[in-house]
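Q: Grabbed the feature section from TrEMBL, which reads as follows:
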- S251: active site, acyl-ester intermediate (ACT_SITE)
- E369: active site, charge relay system (ACT_SITE)
- H478: active site, charge relay system (ACT_SITE)
- 61-519: domain 'Carboxylesterase type B' (DOMAIN)
- 24-49: transmembrane segment (TRANSMEM)
Amino acid sequence: MDLCIHTFKLSCITQEVLYPVNRFVFLILLGTAIMLHFFWSRLSFFFFLSLVCKCASNNDTPVVTSSGPIRGKIVLTRSGSATAYLGIPYAEPPVKKLRFQKPVPRQPWSEVLEATRFGNSCPQTSITGLPDKDIWVANTPLSEDCLFLNIWAPHPRPSRPVPVLVWIQGMGFITGTASLDIYNGAILSATENVLVASMNYRLGALGFLHLPPDAPGNMGLWDQHLALKWLKDNIALFGGDPAQLTLVGQSAGAVLVGCHLLSPLSQPLFARAVLQSGVPNAIWPWKSPQEAHRDAIMFSEQVGCAKDSDSAVVSCLQEIDFGHENFTQLTLINSLTTDGDFLPGNVPNLLDTAILQGKPILTGVTDDEGSAFVLLMYSSTKTNGGILTWEQLLQGVTITMRRGTKKEVAHTVAQKFSEANHGQYRLAFSQYMRDYFMVCPLVELAAKIRKARKPVYVYSFSHHPSGSGWPEWIGTPHGAEIPYVFGTMVSATNRSITEAEEALSRQTMSYWAQFARGGCMAATLRT
């Protein structure tokens, strides 16, 4: 086999001195950091290639799927046209006795489904206190009846089947929706002649409560699995190649993509995977089954469902009305666990087996993954030039490691990063966050894949957008690449992006599409 491997050199802290992290702190920061980047970078962006023309028209010819006939709408971009099929229900509403259960396929329909609007978003809370937060706030009604998928196909239909990129959004397992404008697949589809798909999945306690057997856990993963099966069975009807499905995810979404790589159930459903700023062997997404069970009991007590048995707890939880005022409580459950079913083993063993499957993997990070976390934890850095003290560095390292970690360990880690960055404590903390949470597990994964002589491609995204209203030291933070992948660089001002930025987005879309087509990327990724 010809191996097309592109790697980049990174320095990592030694894993021996690190302990599992304080997950809750990191997950909240993780979701917020992605939003924060777009709040400031949004100032420099204007519509790239125009998002979607408001004057969309219905596509008169329905697609007859295994679920029933579906009619989409034609949308225009400056790159061409795409047909959007929005709000396709792939599962029955997971309510009452179906709450906390594996998803049940949607009953077929006979009348034409007008798939011209996004479906509901899954129950979630919005992280507040930041400017322009609306870009990441769910833009459709919140409801447990939220299991919908979306497809964008080139228009007119390609003469031969084309690859499919399936997007799984991140945001820390507690917020996010596939309907956000930043994830609109029309431009990518029209520009690169590929299909783009996305889906909603259950979040927080509704998606990840672990009280087996009555609540098996990882329901959000099972949702995605069912959506993938639907796409595998039906995507050819939309012009896609069912043998060329590529999963794409960012941050927590990348971890979820990694879980499908690990799962023997999902492995037959796709050909390749793109993991942007997240890998399944990272420490932060996981809790042991025992820890997940403990958290589920604590959650049930907080919502008034303390019972004598797990079965009684689940029955009680299935009757609760999780109205908007209770959505915050759902975020108390925010982790994955090995459940013996979807993930039938521990992560290291599953990873070794998955690598032997040989699915090509594209993965990478931004240059400054940790910078936004610094700003979120220490708001004073917005106005003081990014200055941190030694005490703040030590505090930041300590609270993002496992509670109870010896102070000597945190001190050693902080000291090592301080020395490596010549006493610049803000940069030291940023590098620590980047390496610990993102880079080190990525390097570990890529090294294992390379050792097995399987195809892996590693990128580093380093562009700092022009016209940013946020500190220059932010650099290229967590999530910076997302609008370049979709071509959806949006602005609230009349500032236009530079020609270089437009070219970069075109190039990024080309890279992702080229990977989905199965091409060797080593030469182009070095440019």
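Glycine too: its Cβ is placed from the backbone N, Cα and C atoms.
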Q: To the nearest Å, how far is the Cα of the residue listed as 'active site, acyl-ester intermediate' from the Cα of H478 (active site, charge relay system)?
A: 8
Q: If H, G and I count as helix, E and B as strand, and all else as coil, what does DSSP give for S251 (active site, acyl-ester intermediate)?
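A: DSSP call for S251 (active site, acyl-ester intermediate): coil, neither helix nor strand.
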Q: Inside 10 Å of the Cβ of H478 (active site, charge relay system), count up the other Cβ atoms and send me the figure.
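A: For H478 (active site, charge relay system), the 10 Å Cβ neighbour count is 31.
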Q: Which ones in the same chain are close to E369 (active site, charge relay system), with CB under 8 Å and 6+ residues apart in sequence?
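A: When sequence neighbours closer than 6 are ignored, E369 (active site, charge relay system) has S277, M433, R434, F437, M438, V439, P477, H478 within Cβ distance under 8 Å.
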Q: For the domain 'Carboxylesterase type B' (61-519), what's the model's average pLDDT?
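A: PLDDT averaged over the stretch: 92.
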